[in-house]
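J.: If you scroll down you'll find the structure; I have some questions about it.
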Amino acid sequence: MSPYALSMLMSSLAVGTIVTLSSHHWFLAWMGLEINTLAIIPLMTKMHHPRATESATKYFLTQATASALILFSTTVNAWMTGEWTIMNMTNPTPTVILTLALAIKLGIAPFHLWLPDVLQGLNMLTCLILSTWQKLAPMALMMLTSHQLNTNLLIAMALMSTIIGGWGGLNQTQMRKIMAYSSIAHLGWMILVISFAPSLALLNLLIYLVLTSSMFLMLMTLNSTNTNKLSISWLKTPTLAASMTVTLMALGGLPPTSGFLPKWLILQEMTKQHLEALSALMAMSALLSLFFYIRLSYTISMTSPPNISNSSLTWRKKKNLTYVIPILIIMSATMMPITPTLLLLN
């Protein structure tokens, strides 16, 4: 792809998200979401492969459906209330439609089926953008309207997302599909707490962005797209392979990594709201995700590839690592000590 076209598309991605984040009018927010969608589709199809075309088509159809529902719900709300303000979603019918539309955009269960298939047909960089940057605008709209959304609907979708996100990733061998189901499970934790404590949902989103970005950047560096290729990663870069196990444990939510922090605070908030049974179900559903993260860690650290070459060229090959990856790895592992500060901010 031409560098000029690439820079224009990346700028359009940034502009679309910023327009949505800074808008108070529903039509302007919808326009930012549309700019976002139209900017990423050429990035998806730049590989000129049938799987990439299929992924772009599936993505376009689901996002167009969600955008139409958002426009419909906001138009009905404006017809009932006389206002286009984002914070004024008082009628229950357009609010439920809006919740479902944002769930489709984010890939929250039961509207999650497009996400693993779309990610599987893309390259790692586009998967990174789709799993991180593209979540910001819909999640921001969900946070702005969180005090007016249907809490029971959010709780049901959150529980379904964590169970399906954990269950769906158990039998996967492709890293992109595993990361897609990981994204579904993490989004479940975010929308669970969004109507009770939006600040905790924002903290969870930030930690999710750090963990997912570090994981995708490491997979890009090691050129690992499935578990078989992951098993020879220690031959290429042993230090990075060891760091990946720490990031996987953080994604699973094991202490003392950063991934434990949002789960702990969310479960604490749920018990304060007297939802002990729901907290227990969420904690048990997190064990499903933890299983396949541990399985990947076992693949990286304790298995050998079928054919080990006698040459040491692979082992001595130098990788051009950027400074971003070590920073993200450190943040993935060492954010637990700032928990008292975060609790004071809440």
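We number each residue from 1, going along the chain as drawn.
Cβ from N, Cα, C; glycine included.
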J.: Of 3-23, 234-254, which range does TrEMBL call transmembrane segment?
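T.: My reading of TrEMBL: the transmembrane segment range is 234-254.
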J.: Take the C-beta pairs under 8 A between the transmembrane segment (26-44) and each of 56-76, 153-171, 203-222, 274-294. Which stretch has the highest count?
T.: 56-76
J.: Any chance you could find the range in 56-76, 153-171, 203-222 with the most Cβ pairs under 8 Å to the transmembrane segment (274-294)?
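T.: Looking only at 56-76, 153-171, 203-222, the most contacts with the transmembrane segment (274-294) come from 153-171.
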J.: Could you tell me what the rest of the chain brings near the transmembrane segment (56-76), counting residues at least six beyond its ends with Cβ under 8 Å?
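T.: Here the qualifying positions are 26-27, 30, 33-34, 37, 40-41, 44-45, 84, 91, 93-95, 97-98, 100-102, 104-105, 111, 114, 117-118, 130.
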J.: Below 8 angstroms Cβ to Cβ, which residues of this chain, lying six or more residues outside the transmembrane segment (153-171), approach it?
T.: 96, 99, 103, 108-110, 112, 116, 177-178, 181-189, 191-192, 194-195, 275, 278, 281-282, 285-289, 291-292
